Amino acid sequence: MANRTVKDANSIHGTNPQYLVEKIIRTRIYESKYWKEECFGLTAELVVDKAMELKFVGGVFGGNIKPTPFLCLTLKMLQIQPEKDIIVEFIKNEDFKYVRLLGAMYMRLTGTSVDCYKYLEPLYNDYRKIKSQNRNGEFELMHVDEFIDELLHAERMCDIILPRLQKRQVLEEAELLDTRISALEEDLDEVETSEEEDDEEEKPERVQTPEPHRRSYRDMDRPRRSPSPRYRRSRSPRRRSRSPKRRSPSPRRDRDRDRDRHRKSKSKSPRRHRSRSRDRRHRSKSPGHHRSHRHRSHSKSPESRSKKSHKRSRREKE
């Protein structure tokens, strides 16, 4: 009689709620000491007190397959089938983490897909540490968000086969669930906005510092060296000698330069010299020159003309 389900209990997933636990494990729970001493005659109100005393989570352990208190209380809740509001209060309890995990386990076994995503996903933000007992009886360290993630994605948890869940994407397309907004996305947005603000603050500072200022700063770092005496001696007389030449050139030096240039041009370009001599010869043979020669011949005396004509006649006779 103590192991039967309540008369008014509703069937879950088409079967008796206690049948969600496998028969072998269920019989082990019925035979355990914790079930007989602590779970006998419990109601929905008294289960809370027993859940507050939990120290770890787990399924069965050891060679004799002994059940943990967490698994015994899970089966007891399936037997008495408390109301949904009580389970929601279990999940929202922030003071006792094992009470929260017990309510999440029961919601995952009995609730619909929409209820599981709706009430279990907010527990991703709970990062508290918990102890879990493995099959060898050893304790391992876990976190609340890891336990919730395994409830939503694993096929077996605490040695109980979990009912199948519809994918969240299908429920979102059917408009049964809103898109999930992770707390990490808000933190990432804040980090990105802070980085953009820092970049904007750094940009005007870079623009305000011009390049000549940087050069002067680098020049200040270099040690200043005094100029050497050789540098002064070699530079000063040249400047002094160049300045008077440009301001007051002497006529003698100009003449000497012209002569030197004329000589160099003669030595380098003999063709030009030849062309000049040819021009002079051509000028001597020009018609003006012949005219002057004729004019000179006309100005001669008649005696010289007769002599020339006499000589011409002799040459013709010969």
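Each Cβ is built from the backbone N, Cα and C atoms, and glycine gets one as well.
The compositional bias 'Acidic residues' feature in TrEMBL is assigned to 187-202. Among the features that TrEMBL reports, compositional bias 'Basic and acidic residues' is placed at 203-224. Among the features that TrEMBL reports, compositional bias 'Basic residues' is placed at 225-250, 260-299, 307-318. Taken from TrEMBL, the feature domain 'Pre-mRNA-splicing factor 38 C-terminal' applies to 180-261. Feature annotation from TrEMBL assigns region 'Disordered' to 187-318.
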Overall pLDDT for the domain 'Pre-mRNA-splicing factor 38 C-terminal' (180-261), taken as the rounded mean: 60
DSSP helix/strand/coil residue counts for the compositional bias 'Acidic residues' (187-202): 16 helix, 0 strand, 0 coil
